[in-house]
Amino acid sequence: MSWGTELWDQFDNLEKHTQWGIDILEKYIKFVKERTDIELSYAKQLRNLSKKYQPKKNSKEEEEYKYTACKAFLSTLNEMNDYAGQHEVISENMTSQITVDLMRYVQELKQERKSNFHDGRKAQQHIETCWKQLESSKRRFERDCKEADRAQQYFEKMDADINVTKADVEKARQQAQLRHQMAEDSKADYSSILQRFNQEQWEYYHTHIPNIFQKIQEMEERRIVRIGESMKTYAEVDRQVIPIIGKCLDGIVKAAESIDQKNDSQLVVEAYKSGFEPPGDIEFEDYTQPMKRTVSENSLSSSKEGKPELKFGGKSRGKLWPFIKKNKSPKQQKEPLSHRFNEFMTSKPKIHCFRSLKRGLSLKLGATPEDFSNLPPEQRRKKLQQKVDDLNKEIQKETDQRDAITKMKDVYLKNPQMGDPASLDHKLAEVTQNIERLRLETQKFEAWLAEVEGRLPARSEQARRQSGMYDGQTHQTVTNCAQDRESPDGSYTEEQSQESELKVLATDFDDEFDDEEPLPAIGTCKALYTFEGQNEGTISVVEGETLSVIEEDKGDGWTRIRRNEDEEGYVPTSYVEVYLDKNAKGAKTYI
């Protein structure tokens with residue numbers, strides 16, 4: 001099957017068909033190009049989506065990604081980012097292997113088609129020219145024959161007429177001969193041109209046109225093969241990324257399978273564990289004995305054998321905590337227990353100790369204690385440990401920098417032409433100073449960490465004693481302070497106070513501390529642990545030291561003590577063992 005033999009007379013239709021084939025190829029190129037644009041757009045949207053849900057640096061969201069479920073979600077985002085990258089690969093490969101290649105081929109195809117049809121038109125023009133020459137010689141031969149015939153007839157007429165002179169007859173005879181010779185010449189010319197035309201026509205239809213049409217056929221078949229190969233490449237480009245996309249999906253599945261609910265639950269415990277013991281039982285208030293309250297011996301005093309039963313009545317008198325106003329209204333009659341319980345459940349929490357109020361003010365102002373004393377013991381330990389680790393990393397970084405500068409200085413000393421060693425002295429001194437500063441900072445935080453770790457073991461007896469002190473007039477106080485009680489090292493208070501209660505002025509309480517008589521001792525206490533009272537209102541004690549108790553724990557975890565009649569302050573109740581004098585005014589009874 002050959003277009004040259006089968007379609008020898010379909011030059012125009014072949015020209016239209018080949019143009020249609022090029023249009024189809026260009027349409028396919030446009031299709032692939034739009035597909036690459038879609039892939040790029042899809043990849044961009046996937047990347048933006050992944051970036052949108054990535055945790056922001058140095059934010060609370062970043063801390064949340066310690067949980068396995070959040071880690072799995074983060075892995076999913078990363079895998080989706082890689083997934084988007086594969087769609088970018090699809091776009092790049094289709095552009096380079098299909099679009100660019102086909103566009104170059106289309107240009108070559110257009111040039112080849114133009115050349116082939118130009119040769120075909122040239123052959124057509126040549127055969128048409130030959131045909132015109134044949135027609136011209138044929139008409140000339142016909143005309144000469146007619147002229148010769150007329151001349152012969154005129155000669156015969158003149159020869160038959162007796163009236164015509166002999167000269168006229170001779171002239172007519174010569175003219176007839178001339179016309180006859182011209183007809184013979186035209187005949188010979190026509191015959192020659194006809195033979196040449198037939199040769200040209202045979203070559204045109206059996207050689208030139210078949211060769212040209214064969215080239216056009218081969219060109220068209222190459223176009224068809226090329227578009228088929230491009231379609232295969234189109235599929236292969238997608239198939240090549242399927243394994244990597246499968247790995248991305250496998251990564252998402254693996255991340256989902258790595259979720260450990262037990263581990264996340266443990267992380268919640270580690271994140272929010274305060275290290276405190278739960279509060280003890282609320283005491284029974286016996287209203288059959290007016291002005292007396294009976295408290296279990298377990299609530300404030302230890303259960304050691306040999307200790308006397310202590311009973312006290314009334315309320316201790318003395319200075320109030322700083323920033324806490326005195327209640328100058330007349331003493332009110334005590335309410336029934338049911339009324340106090342309702343007040344216990346509905347009352348707003350208040351700050352009942354100086355450290356809580358001070359920390360509340362500092363938190364309102366956005367300040368965080370350097371030693372993280374605003375956190376529970378367990379959380380404080382973690383923060384301090386993290387700070388120590390960060391400082392050690394900074395020290396290591398500065399040390400590496402110092403070593404590098406020292407090596408560079410040695411190189412300069414051995415090769416002065418490379419640089420001045422003295423130019424590094426300032427930088428070396430600066431790095432050394434930074435290392436020393438970071439070491440001092442590390443020692444400070446390590447000391448705080450050692451202090452916290454030394455006090456973390458639970459002292460259940462003292463913890464129970466902290467939470468078991470209630471009387472009729474301090475129900476609301478106990479309720480409010482149960483949430484803002486500090487740890488044994490005085491490091492934690494969970495603020496529940498309202499902002500309006502924090503906005504107090506010094507003029508409201510300055511007169512509360514002037515010209516008052518010293519509080520009488522209501523008992524003694526023995527220090528169970530060493531306590532360094534570094535904050536205002538506290539006092540330092542040494543383990544085993546005996547001091548006077550001048551104000552008992554009001555439920556906030558602090559006891560007011562005195563040393564040598566001139567030095568007094570507050571210590572954590574869990575740090576001391578209290579022995580109250582049952583005859584002292586304002587003392588409670590501990591059984």
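Backbone N, Cα and C atoms are what each Cβ position is placed from, and that goes for glycine too.
In TrEMBL, the feature coiled coil is placed on 155-186, out of the ranges 155-186, 251-282, 443-474. Applying DSSP to the domain 'REM-1' (374-451) sorts its residues as follows: 72 helix, 0 strand, 6 coil. DSSP labels the residues of the domain 'SH3' (520-581) in these numbers: 3 helix, 31 strand, 28 coil.
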